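Going by TrEMBL, these are the annotated features:
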- 28-51: transmembrane segment (TRANSMEM)
- 141-161: transmembrane segment (TRANSMEM)
- 167-191: transmembrane segment (TRANSMEM)
- 203-234: transmembrane segment (TRANSMEM)
- 240-259: transmembrane segment (TRANSMEM)
- 339-359: transmembrane segment (TRANSMEM)
- 365-392: transmembrane segment (TRANSMEM)
Amino acid sequence: MSDAKPYIIKLYSKIISKTASWILENPYLSILIGILAIISCVNIKFGYSILGIDNYSAFLNVNHNTLRSLLTTWRDYRGLGVVSDSEVTDIWRNLYYFFGQFVIPNNLLEQLYYLFTLNLGVLTTYKLGEHIFKRANKDKLLSRYSGLFGFLAAFFYLFNINTLSVFYFPMLMFVARFYALPVTVYVLIRIMDTPKISTKKMIMYVALLLISSVTFIVPTVFITMLMVVFMVGLSRWEHYRRVVLALIIFILINFYWLLPFVNYTHQKSEDIKFASTFIWFNEALLNKNDSYYAPERSILLIPQFYDMKYVKTDTKEAFMYHPLYERYSSTDWNIEKTFLWLFPALYILGGVLLLYKGIRSFEWLWIPATTFVFVFFSMNKFGPLGFIYSFIGKVIPIFEIIF
């Protein structure tokens, strides 16, 4: 036993030394991991379950739901969750519950899944920002700040109203999209930018794209994702072979749900024209007017459910779901508004700089283009370019159903 002590002490010293060295080499990533660790620890609630009408609480019946997702038969068992026709994409999350239930209580598995999506989304945004900055600045003096740039990108991706709403009103497709968007963009950019990829990395990339496909349980999310992917591809068209390869990989990976979905849609094609009825019903239910589509809301990334109110049964008083928005909407100016407007101010400035940089290189134009397209669609027909939105809606009837 005494002989083992020096070995253990030496092992601990080596681990501490390597950890300290890694932290010094990656200070910004270390800070980010520390922030995420604190958020994760304080949000674990033992004995609690996350439950809602739109979060697909598959852990309530893991064994059956895993089989149903695998066979795309959930549409016959809609006890919980939103109406969708690509339920097979949920197989990856259900497999996590299926194997995890033997080690961790189901309600805790659900919480860990949401924390996993938060952490993966933020850390991938860091890697994406770091990669973009290195590619945009070949100069060694500037490229050494790539870690700082990645940290700022991840920091604002973590701390904005939309992120707060995604996890305050957990809906499966949007929680999954939180990590799916940066993961998909990062993986495809790496494929487009790398002449030769090792087998191990390609396997990892395919696995990341597969688990990201959970967000396509609502197929319209795939359309918006595809728009981003095409904009990224067009901006890198000088390497068209690798761009085409990346697009083919992305689409082929999603064939496992796209083919059944297309077949189902074809069978139900006569009913698609009635789908807008549900859109109009939701609009009437949520009482949306032109102020809801104001540019301020779109620029600040204020999501749909953030400013909804609830009524306390005992006092009959109406309150907003989150106190932060209560403060934001009730005062002229405060520290919250200053911080919230800092994010759009920076991304607008960054977009302008990238447009200027795009005069010499199209490689970065996808970033301001994605921002513009998002703001354009989120303002609906009430924005400054609303006439274009209305025109497209008349030419393509399904356009207003999707967007």
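Yeah, the Cβs are placed from backbone N, Cα and C, and that goes for glycine too.
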Paired segments the transmembrane segment (339-359) and the transmembrane segment (141-161) in contact, 3+ CB pairs under 8 A: yes
Range from 28-51, 141-161, 167-191, 240-259 with the greatest count of C-beta pairs under 8 A to the transmembrane segment (203-234): 167-191
Within-chain partners of the transmembrane segment (167-191) [C-beta distance under 8 Å, separation at least 6 from its ends]: 50, 52, 54-56, 81-82, 90, 93, 114, 117-118, 120-121, 124-125, 127-128, 131, 157, 197, 201, 205, 208-209, 212-218, 221, 225, 228-229, 232-233, 236, 242, 245-247, 249-250, 305-306, 321-322
